[in-house]
Structures are given as structure tokens and as C-alpha cells.
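Colleague: Straight out of Swiss-Prot:
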type	residues	note
BINDING	G30, A31, N32, G33, S34, G35, K36, T37	ATP binding site
Amino acid sequence: MSLTRLLIRDFRNIETADLALSPGFNFLVGANGSGKTSVLEAIYTLGHGRAFRSLQIGRVIRHEQEAFVLHGRLQGEERETAIGLTKDKQGDSKVRIDGTDGHKVAELAHLMPMQLITPEGFTLLNGGPKYRRAFLDWGCFHNEPGFFTAWSNLKRLLKQRNAALRQVTRYEQLRPWDKELIPLAEQISTWRAEYSAGIAADMADTCKQFLPEFTLTFSFQRGWEKETEYAEVLERNFERDRQLTYTAHGPHKADLRIRADGAPVEDTLSRGQLKLLMCALRLAQGEFLTRESGRRCLYLIDDFASELDDERRGLLASRLKATQSQVFVSAISAEHVIDMSDENSKMFTVEKGKITD
């Protein structure tokens, strides 16, 4: 699936844009603040319902406008799909697919699997466990049809359980929530464990190519003790949870621990090496999706040249080309991306929110 056309209205500093896109590489070149990252963010938002630079909707809608509008056309092997997203200052969204309203953002996410690589993306490696849970959950979402519903129900039940912890005095009063929570937690943890095991070889192979000087290991931690039933953990920790007023163990505490030569990667790798590792993990995830389902990711890469020397940029470019996926790359100068260009690529110039090709 590739995005063949993108229409943007009143998004960030872009008043209006209508872009015909390449199914291969698309380059966005312009000075800092020109709006090139806003194009990437518009694509991301079309597939996620939210921006990646700000959760405040008022900062995403163009100044003095009431809403932004995004439309796209997705070309699959057999058919074309029209998609659209409108979001106003109150945060209300309208999703349209093939001319009909009433769709969910999750449907857009399923139609547009994408990998985002930005200068802020180091949080996957040096941020808290929630960023690595999100990495695993992306894979589970695209590989397990029941994951999104189970994950949504888990979040709801945990919120209700945490509220109940402020009021109950005996564990028996929590059993109605735990009766629903326990099977969901175990299923989600099983999916995450299976996904992390399935993608392990892809991550190891890609990391070996990108960072041959290190031995990288990946370890899934489910969020409670090994070989202990979740029901037992919840009951045993009731008094502690009640004092904390939240559930201290469970899939919401899971992590994917990543080590280089036995030490945490954030303590061992340079910024350039961390970026390579981040790219390697995103590539591995996209390649795993293609192998398992035949679907390809869109890759969004902001500030391609930062942290990478010429050799490493060349390595990343060659691996991206090998995926045969659609790729969007922003750069300050065309010199940073010209070597990646071929007869099927498109080069866009961005200046003060105006986009030309």
C-alpha cells in the first residue's frame, strides 16, 4: 500500500497543498521552519489521528482556523482506497474511508502501517518502558486482529481497578474487575511475548549489519514475576496496591530490555549509534510485517542527515531501498539525499509552508 496523493489544508503552517507522490522515495527539502516536517506530520496524523510533535490540537491547526483537513489516496495491489481525517479545535475527529463517515482512527492505522524515525525518536531506547511497549504493541496490532480490542478493554479495566483501590478494604471487593482483567492481561502478554520472539531474528540480523561492533540482546519482560500466575500476583499485592492506589504489576508495566555487550544501550552507544539502532529496529519491524502479511510500511524520516556520517547514511538508504516500501525523507539540503534519488523518486521544495516539485 502506498500513498499516491496527499491533500493538506490548514495543518501547521501549510494553508493548502496537493501532492502527487512517488511509490518509492519522496524527498522534502527546505530550511528549518519551512514546513517540511509538517508534511511528514500530516502523513503521520492521517494514519494515527494525532500529531507526533504535539498532543495539543490547537498547535496543529493553522493559526486562526477552526480545523485541519487531510485527504489521501492509497494504492494497493488490487484497489485504491480514499481516506480522510478532519479534526477541530475541540478535538472532535471525523474519519472518512471511501466516501463514508463514521469510521475509527484504528481503521486508518491498519490501512497505513508506518514507521517514524525522528531526532526525538531516541526515547525508544533511552526513554521509559512505555516507548518500548508501544514498539511491541505496534507489531501486535498489525499481526493480531483481536489485539486492539483486548488492549482497549485492558486500559479501561485498569482505570476502573485503580479507582476501586481508593475505596475497597478487602481483596474480595476487587474480584469482579480481576475476573475480567486477568485473562486479558495474560492474552496480551502472550501476544507480546510471541511477537518479540518472532521478530528477534530480524532485529539481530539488522543490528548486526548496522552495528557489527556490538553484541545486542533483547529481553521481553511481561510486567510480573516469571512462572507466577497473574491472579496470584494481584491478590498477593492487594495491600501494597491499595496503599499506592494503582496496580503495580501487569502488562502495563512490561518492557523490552535492549543491551549492548551486556549493558543498557543508553549507557554504551553514542548518539549516532543510537540512531542507527533505532533505524535498525524500525526496519526490522517493517520487514517482519512484510514477511508475515505481505504488507509494506510507509517510512517517515525527519532530518535524515542528523547524527549520521556519509557511510551510515548510505547504509540506511540501501536498506530502505531494499524494502521496496514508500519512503518520505526530510532534509535541509538536497545534497544530503541526492545519492538516494533515482528515476522514480520525487523531490519537493518546501518554503514557508509552500510546497513545489
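In case you wondered, yes, glycine gets a Cβ from its N, Cα and C as well.
Set these features in their place in the structure for me.
Modeller: Close to S34 (ATP binding site) in the fold, though at least 6 residues off in sequence, lie V350, E351, K352, G353, each with a CB less than 8 Å from its CB.
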Colleague: Pick the one among the binding-site residues N32, T37 whose Cβ has the fewest other Cβ atoms within 10 Å in this structure.
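Modeller: With the binding-site residues N32, T37, fewest surrounding Cβ atoms within 10 Å: N32.
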Colleague: Would you count the other CB atoms within 10 A of the CB of G30 (ATP binding site), including those on all shown protein chains?
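Modeller: So the number of other Cβ atoms within 10 Å of G30 (ATP binding site) is 23.
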Colleague: Would you please pick out, from the binding-site residues G33, G35, the one with the fewest other Cβ atoms within 10 Å of its Cβ?
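Modeller: Counting other Cβ atoms within 10 Å of each of the binding-site residues G33, G35 gives the minimum at G33.
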Colleague: Around K36 (ATP binding site), how many other C-beta atoms are within 10 angstroms of its C-beta?
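Modeller: Around the Cβ of K36 (ATP binding site), 27 other Cβ atoms lie within 10 Å.
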Colleague: Around the ATP site recorded as G30, A31, N32, G33, S34, G35, K36, T37, what other same-chain residues have a C-beta within 8 angstroms of the site's C-beta center?
Modeller: S38, S330, I332, V350, E351
Colleague: To see if you understand the setup: which same-chain residues, six or more apart in sequence, place their Cβ under 8 Å from that of A31 (ATP binding site)?
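Modeller: Listed in sequence order, they are I332, E351.
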